[in-house]
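Quick notes on the structure that follows.
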Amino acid sequence: MQDDLKNAPIGFFDSGLGGLSVLRKALEMMPNENYIYYGDSKHAPYGEKTPQEIRSLSFNAIEFLIKKGAKAIVIACNTATSAAAHDLREYYKDIPIIGIEPALKPAIKLHETGSVIVMATKATLTQEKFKNLMDKYGEHREVIPLPCPGLVEFIEAGNLEGEEVKNFLREKLNPYMDREISSIVLGCTHYPFVKDVIQDIVGEKVDIIDGSSGTIRELKRRLEENNMQSELKKKGDLDIFNSLEDNKILELSKKLIEIK
């Protein structure tokens with residue numbers, strides 16, 4: 001493989017800022033790669049759109065990243081993975097495309113008892129992909145799908161810990177607090193940015209997990225399998241783009257990348 005392709009960037013896209021939570025994990029696990037991030041905040045949230053709309057927007061995002069020279073693509077959006085991953089892989093056969101799905105399997109494996117709440121967008125929870133996960137892993141445990149329309153908008157506005165977002169999350173989670181909850185799965189890549197608020201509401205005994213680590217492990221595996229890993233000896237570069245073309249959203253993107 002040509003060195004220039006090996007050192008080409010990995011493209012990440014999301015319906016907005018959420019995929020930055022997955023990119024953070026990539027920067028931690030694979031620091032010597034170059035990265036391009038495309039957030040489609042102009043059309044956020046994807047979770048309330050039709051599958052056809054989500055597919056169309058996902059194709060546009062990948063075209064943008066490929067034109068920027070991406071050697072591999074991470075769909076850093078649960079909703080876009082559910083609605084579009086299959087079609088994207090069929091069309092772009094020559095480029096590794098890695099998606100993300102709710103981390104239901106590890107959540108169930110963590111504990112032998114207790115219910116698992118899956119917080120996600122309506123679109124993710126109604127897609128075939130999630131139904132298959134439920135059939136596979138939800139047979140012997142109570143899995144509670146919890147759609148959270150409106151939460152993405154708080155995060156896109158940079159509201160990660162204000163009273164408004166705290167009240168929103170309390171309202172969503174309080175009806176389940178009388179049950180034995182073992183884990184909460186964050187099934188939307190925006191949601192890790194409010195993980196601390198969720199943890200405060202449900203208490204320290206409840207594990208909160210997302211699919212970022214598994215996605216980046218799969219990305220790493222695919223790059224190694226195709227001999228496409230970067231040969232850079234230094235920390236790679238990161239370029240961030242957003243369909244809003246607004247300095248405020250780019251500043252917020254940089255801030256979110258730095259949050260630990």
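For all residues, glycine too, the Cβ spot is worked out from N, Cα and C.
Pulled from Swiss-Prot:
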BINDING   Asp14, Ser15, Tyr46, Gly47, Asn78, Thr79, Thr189, His190  substrate binding site
ACT_SITE  Cys77  active site, proton donor/acceptor
ACT_SITE  Cys188  active site, proton donor/acceptor
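Neighbours of the substrate site: apart from Asp14, Ser15, Tyr46, Gly47, Asn78, Thr79, Thr189, His190, residues of the same chain with C-beta atoms within 8 angstroms of the site's C-beta centroid are Gly16, Gly18, Gly19, Ala44, Pro45, Cys77, Ala80, Thr121, Thr124, Val152, Cys188. On a Cα basis, Cys188 (active site, proton donor/acceptor) lies 7 Å away from Thr79 (substrate binding site).
Ranking the active-site residues Cys77, Cys188 by how many Cβ atoms sit within 10 Å of each one's Cβ puts Cys77 at the top. There are 30 other CB atoms within 10 A of the CB of Asp14 (substrate binding site), with all protein chains counted. Here the Cα atom of Ser15 (substrate binding site) is found 7 Å from that of Cys77 (active site, proton donor/acceptor).
Just so you know, the Cβ of Gly47 (substrate binding site) picks up 28 other Cβ atoms within 10 Å once every protein chain is counted. In the three-state DSSP scheme, His190 (substrate binding site) falls into the coil class.
You'll find the Cα of Cys77 (active site, proton donor/acceptor) roughly 8 Å from the Cα of His190 (substrate binding site).
Take Asp14, Ser15, Tyr46, Gly47, Asn78, Thr79, Thr189, His190, the residues named in the record as contacts for substrate: the widest Cα to Cα gap among them comes to 12 Å. Taking only the Cα positions, the spacing between Asp14 (substrate binding site) and Cys188 (active site, proton donor/acceptor) is 10 angstrom. Cβ contacts within 10 Å of Thr79 (substrate binding site), excluding its own Cβ and spanning all protein chains shown: 31.
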